[in-house]
Amino acid sequence: MLSHLVVGAGLYFGDSIFYVVCFLLLMWIVKVLAWKPVTKMMQDRADKISNDIDSAESSRNEAADLVQKRQTALASSRSEAQTIVNDAKTNGQQQREQIVTQAQTDAQTLKQNAQKDIEQERQDALVNARNDVADLSIEIASKIIQRELKADDQKALIDSYIEGLGKQHES
Amino acid sequence: MNDGPVSTFQFLGLTFSTANIVSASVVFLLVVALVYFTSRHLAMKPTKGQNFLEWLIDFTNGILKGSIPTKEIGGFGLYGFTLFIFLFLSNELGLFINLSLPNGATIVRSPTSDPITTLTFSLMTLMLAQFAGVSKLGYKTHFGNYMKPFKVWIVISIFEEFTNFLTLGLRIFGVIFSGEMLLGIIWKLAVSHGIATMIVAVPLEMAWQGFSAFLGAIQAFVFVTLSSVYISQKLEVEE
């Protein structure tokens, strides 16, 4: 039963050629159908993964940079706000002082004006009163004179009076 | 198994064995179907078939990387991949399908249970190794390797090529052939004395079939591993 195993006795060399042709054809088919596209896909995937790792790394760095920038910006804006508040305070202080000074000056001026006015009015009032007194005196005097003029006995008194008035005016 | 009449035919003055031709064609079609149906709809995110195919490619590439430097693998990847699938399916085919003509001649069995098949593949591997050696190192360095470490070594080197050729081919043949033969013998035992032997032999047959399936996978693996070793030997300059 093992007779065909004797080398050269039962070997069919045609088969050998058939196998070689068959196998080469098979290799070509496998290459076209599967090997090329699949290895290409595997290579693409490997590239993609390494790219993804790289891009993840770079975007992580970018994010860290951004955080750094944000923090710096935040710190600077905080100090800026502090400066603004300080300026505002100083300005407010200055303005307050200015206003107070202004108000004091104004009040002083007003007071002086008022005093002047009062003085003026007092003078005016005095002048008026004096004029009024004079007028009244004259009126009274004239009335008295009109009534008493008839009495000739009073004539000497009136004369002396008028004389006294004249002296008073002269002095 | 191979002990019945053998169906042969003549073509262009060469003798062909029908069993080998038919079995090889079956395996050929199986391999084409396998790579065709698993390589449809290739995508960046692999699906079932693609996953399997990529696993297989990684597996055979892994075998080759064991002995050949990664940057020199190149086309050997395709060779190893095709060889592995072809041998694996060849080894398993005869375990599950064994068809005979009415006159008793087998027409479908494992192609690898015939030494002509395995020796053809063995010869192919060694020729590829020679070709790779010459194309990488040039004729002078390549054949100079036969005379290292000293000139008389050439006898041993040539003899070694011959034994490599025989052991590589006959190892796989022996395992697959004996596996199939034992399956046949156990089956004959099973049908020899009716139900009594059937009860004993059928579990034995199943166990042996499982073991042979395992051995078939191991032999395909070993064949590809040794092929890569022989190829890698020819790619380097001996000290």
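The backbone N, Cα and C atoms fix where each Cβ goes, and this holds for glycine too.
Listed by sequence, the residues of this chain that lie at least six past the ends of the transmembrane segment (B:12-37) yet keep a Cβ under 8 A from its Cβ atoms are 6, 49, 53, 82, 85-86, 89-90, 93-94, 97, 105-111, 114, 116-117. According to TrEMBL, the transmembrane segment annotation covers B:12-37 (among others).
Summarising the annotation, TrEMBL assigns transmembrane segment to B:76-99 (among others). Using a Cβ-Cβ cut-off under 8 Å and counting only residues 6 or more beyond its ends in the same chain, the transmembrane segment (B:76-99) has close neighbours at 23-24, 26-28, 30-31, 34-35, 56-57, 59-61, 63-64, 68, 106-113, 117, 121, 125, 128, 132, 172, 176, 179-180, 183, 209, 212-213, 215-217, 219-221, 223-224, 227-228, 231.
If you look up TrEMBL, you'll see B:119-139 (among others) marked as transmembrane segment. Through the fold, the transmembrane segment (B:119-139) approaches residues 72, 76, 79, 83, 87, 145, 161, 164-166, 168-170, 173, 223, 226-227, 230-231, 233-235, 237 of its own chain, all at least 6 residues removed from its boundaries and within a Cβ separation under 8 Å.
Residues or ranges marked as transmembrane segment by TrEMBL: B:151-173 (among others). Sequence-distant contacts of the transmembrane segment (B:151-173) (same chain, at least 6 residues past either end, Cβ-Cβ under 8 Å): 87, 91, 112-115, 117-123, 125-126, 145, 219-220, 222-223, 226-227, 230.
The feature transmembrane segment is assigned by TrEMBL to B:185-204 (among others).
The transmembrane segment annotation in TrEMBL covers B:211-231 (among others). Non-local neighbours of the transmembrane segment (B:211-231) in the same chain are 60, 63-64, 66-68, 76, 79-80, 83-84, 87-88, 91-92, 95, 110, 112, 121, 125-126, 128-129, 132, 164, 168, 171-172, 175-176, 179-180, 182-183; each lies 6+ residues outside the stretch with a CB under 8 Å from one of its CB atoms.
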